[in-house]
């Protein structure tokens, strides 16, 4: 209907209303009941209703909500204040909206509605009913009231005893209502059993069936119509218009069904993608969950061989088990971004994975895995160092303990002898001097005992697995040492007491004993040092040992002179014995060291010197080889490390620059990806060099700042970055083609994004994004900006990618909206009853898609208890979730 005709119709209706300001009380009652039921049939779609028509519309809030529901449009934002001025403002916004639809409101002002004027409120509702429920009714070039009357006459023409000529007397017997229902839904009423002389039964039957099966609320009671000579025309028209809207939209169902089928197909595909993501995410997180405890296991082994096996198992994990999981993680992120793009293009809510399966959760879990991995490798290497040190200390302990125990063997028995009691003077003197020599020897062994105790203590501190036996042996040595000390003191005191009565003993024997004892101790220490095992890690350390060894060899001539001097004393004794025939019983009473023992040990020292030379030469060669391995690894790492960093920066520049089309950027990135993949053999070669370094037990490298861990992490980040960047460009192409965005628009979006990407990281933070929107003319409040951020940042990371930015901008400029089309299709299928029956879906949709849709709607309750019925809110929630369509 043209606007001019509409205004003329409304003016005519308003004149009728002005003449009827003094309504018949029965008519007013009927209008209250009918208009209230009609309003509630629409308000329930928004989850509310009214009880008192003049009271519940006074603040204007539900009045504005009613207009939004029946028009499908947004009104101005209402005032939330409780003062009269706020209520008048809200009512005026509603009246202005009615006027914008070509309706002239005569004598109806906001003040009367706010004051609860029943006549004015009913008049305003009647005006709304005319405009939104009756005006658009058109039958054979007649419209509004005449069109509705003609439709009723056409539909009831075949029925006897039905003669519709108006909207009051013609409906009193109830047969008109029953005929309308039977004409469209014959299974609901047995029309042949109805009688014209039973209007109460006819009216109650029609009203009950309409409410139960057609979703038409009961707007009047049968008593209201039967008990009034002339029922209210406006109430009857309102009621009848609900029947018209309930039956007039069947011819549009097929088109609406096709639209819904398309949406259902997209929904099914997206849900499959969601299920795939959930499954892949669960598998990856489960693998991480099972792997981290293994990497966090710090149970040490007792032997070097067992720890080496742990290191080899860890290398197998790095080479064989982890790389496929890196690929899965990268592919999972790519699939997630693609799914989100498809959902945005379909105006579907962003996909929110299950609790604990967000992309950020996977990234955090992966970070924990890499942290555990790094800690495990460090622990392995430290544990190997510890075991190497422990083996070295344990061997040194055994050597020193064996030498000391050999020296102390039988000493207690000697110290406990009472031979001095029956000895001659010369024998006493000999025993005294011998004891003094023993005390000197005992003092010389003090350092060795302390060294043994210190080594045992260090083995305890390093948690040596055989510490109990070490401690027991050390304790035996210390206890024996204390016993020897006590016995030595006791025997010395006895000899001193006896020695006062004796002459001094032969000075030559004494001198021999005094010089032979320290020289013998020096030779024993030299032999011990020459046989001492050593462990070094650098050229400098082995050079230090070689220097010390050369210094030791330089002292040998002086030592040989001392040996010759000691042997000279023995020769002089032998000469005296031979010359003076002295009876010395064939032994030196002051020492157990013989010239033969001195010569034997000296020969042993000379034999051990070249063996020590050979051991140092071999270790020097090993350290030179280690240095070569260090330099070989460093030369490659110092090239690969900067290369990875350079490629990362180049990829970043390509992704933010605006040179060429998206296809050009995609081709450029794929060329980069190919060159990166071709670089993989260099990484593998570096891994081989790194394995050689670990097998050689090399723990540091001063020639490079890059470790293999740095290179691995950088390489994985490079592969992930190039794959993610290619996926972002592909999604931009997908968005561009789906939304019809031109290259110039893309360039403008990129220029705006780059300008506010202050960190040049390819991602804007929330503040930069807000500044960008303001610069583009958006008037942002906190709630509006929060809404936009929930669209562009569904994971709540506080960051906006370029893909999310162009999705938002393309959505803002889009000409059509899939959701609006589906909503319109719903209204066509539902007609005026405002819901869809499950049986209707089965008639209009293919069987598989109909059952899928019905299954999705199963959790929602039909309106007013109608079985198998889905209203607008349930339908939209089933298809799109809880978002605002």
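Including glycine, each Cβ sits where the backbone N, Cα and C put it.
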Ranges 358-392, 393-427, 428-462, 463-497: which does TrEMBL label coiled coil?
428-462
235-262, 263-290, 291-318 - the range that TrEMBL marks as coiled coil:
263-290
Where else in the chain does the domain 'EF-hand' (744-779) make close Cβ contacts, counting only residues six or more beyond its ends and a cut-off under 8 Å?
652, 655-656, 658, 662, 732, 736, 785, 788-789, 792-793, 798-802, 805-806, 809, 813
On the DSSP side of things, how many residues of the domain 'Calponin-homology (CH)' (142-248) fall into helix, strand and coil, could you say?
67 helix, 2 strand, 38 coil
To what whole number does the mean pLDDT across the coiled coil (263-290) round?
84
